[in-house]
Amino acid sequence: MPGKHQHFQEPEVGCCGKYFLFGFNIVFWVLGALFLAIGLWAWGEKGVLSNISALTDLGGLDPVWLFVVVGGVMSVLGFAGCIGALRENTFLLKFFSVFLGLIFFLELATGILAFVFKDWIRDQLNLFINNNVKAYRDDIDLQNLIDFAQEYWSCCGARGPNDWNLNIYFNCTDLNPSRERCGVPFSCCVRDPAEDVLNTQCGYDVRLKLELEQQGFIHTKGCVGQFEKWLQDNLIVVAGVFMGIALLQIFGICLAQNLVSDIKAVKANW
């Protein structure tokens, strides 16, 4: 009888996983670079790039930081995943997996701590908002962010309109010469749907009125309470978004690790 020849299939790198990871990270890389470019452009417009000390001069949060940090992280991850998959570089793929895993566990830890220490988080949020209320006129991006939050959640200040007493332009002291004295920003005002033109002076002198009278002109609920209410009302949607992000991260880690295993198996047969 003629001898039987056995054919062994040599291990190979899966093309589907490789190019899916490559394509996914190309998009991630481009988006990260776009975010980073927007952040740097915004800093350039505000003169921050020519005066780095301006970063620490602002008393509140500079929203541009969000673009720079998120864009930077996305760019680094996208670069590592994209080049790692294309060049079959196990170091970059492992870096991608570890970095993504670290972000995942930080998100998980933050979520657990936020649930366990709810009261502490609420106090820190109050403090954070009030620090930004103080710096309201210091930075146009911060001002726009606060106005957006107050309009979106129909709120005013961290706990209420009187938090605006912390701002030098809106406080009620006799030494305050500002026309905005004892007022609030226009974003606190109850908007009339019939009004076509925004009245930016609607909050002037409003805190001189009694609290019951104020309710007809401005939102009297604090943004911390309104944010908590919004979270409760949209809990399923918010949880779904975070679950989707978490699953995407886990999928990316598994895909990268699978690709690393394939590459090692191929190299072992050289």
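Yeah, the Cβs are placed from backbone N, Cα and C, and that goes for glycine too.
Look at Cys155 (disulfide bond): DSSP puts it in coil. Residues annotated as disulfide bond in Swiss-Prot: Cys155-Cys223 (among others).
Sequence annotations record features per position, and here Swiss-Prot assigns disulfide bond to Cys156-Cys188 (among others). Cys156 (disulfide bond) counts 29 other C-beta atoms within 10 Å of its own C-beta, drawing on all protein chains shown.
The disulfide bond annotation in Swiss-Prot covers Cys172-Cys182 (among others), and the record cites similarity to another entry as its basis. DSSP assigns Cys172 (disulfide bond) to coil in the three-state reduction, placing it in neither a helix nor a strand.
What Swiss-Prot lists as disulfide bond is Cys189-Cys202 (among others). DSSP gives Cys202 (disulfide bond) a coil state; it is part of no helix or strand.
Positions annotated as N-linked glycosylation site by Swiss-Prot, on the basis of sequence analysis: Asn51 (among others).
Per Swiss-Prot, N-linked glycosylation site is recorded for Asn171 (among others).
What Swiss-Prot records for 1-19 (among others) is topological domain 'Cytoplasmic', and it gives sequence analysis as the kind of evidence. Mean pLDDT across the topological domain 'Cytoplasmic' (1-19) comes to 62 in this model.
Taken from Swiss-Prot, the feature topological domain 'Cytoplasmic' applies to 85-94 (among others).
Sorting each residue of the topological domain 'Cytoplasmic' (256-270) by its DSSP state yields 13 helix, 0 strand, 2 coil. The topological domain 'Cytoplasmic' feature in Swiss-Prot is assigned to 256-270 (among others); the stated evidence is sequence analysis.
For 20-40 (among others), the entry in Swiss-Prot reads transmembrane segment. Below 8 angstroms of C-beta separation, residues 49, 64-68, 70-82, 85-86, 96, 252, 255-256, 259 of the same chain, each at least six residues beyond the ends of the transmembrane segment (20-40), sit close to that stretch.
Cβ atoms under 8 Å from those of the transmembrane segment (64-84) belong to residues 21-22, 24-40, 42-43, 46, 48, 90-93, 95-96, 99-100, 103, 141, 252, 256, 259 of the same chain, restricted to positions at least 6 beyond its ends. Per Swiss-Prot, the feature transmembrane segment maps to 64-84 (among others); the stated evidence is sequence analysis.
Summarising the annotation, Swiss-Prot assigns transmembrane segment to 95-115 (among others).
Here Swiss-Prot flags 235-255 (among others) as transmembrane segment, drawing on sequence analysis.
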Reduced DSSP assignment, Cys189 (disulfide bond): strand
Helix, strand or coil at Cys223 (disulfide bond) [DSSP, three-state]: helix
Candidates Cys155, Asn171, Cys172, Cys188, Cys223 (recorded positions) with Cα within 10 Å of Cys202 (disulfide bond): Cys188
Cα-to-Cα gap, Cys156 (disulfide bond) vs Cys223 (disulfide bond), nearest whole Å: 6
Candidate recorded positions Asn171, Cys189, Cys223, pick with smallest Cα gap to Cys182 (disulfide bond): Asn171
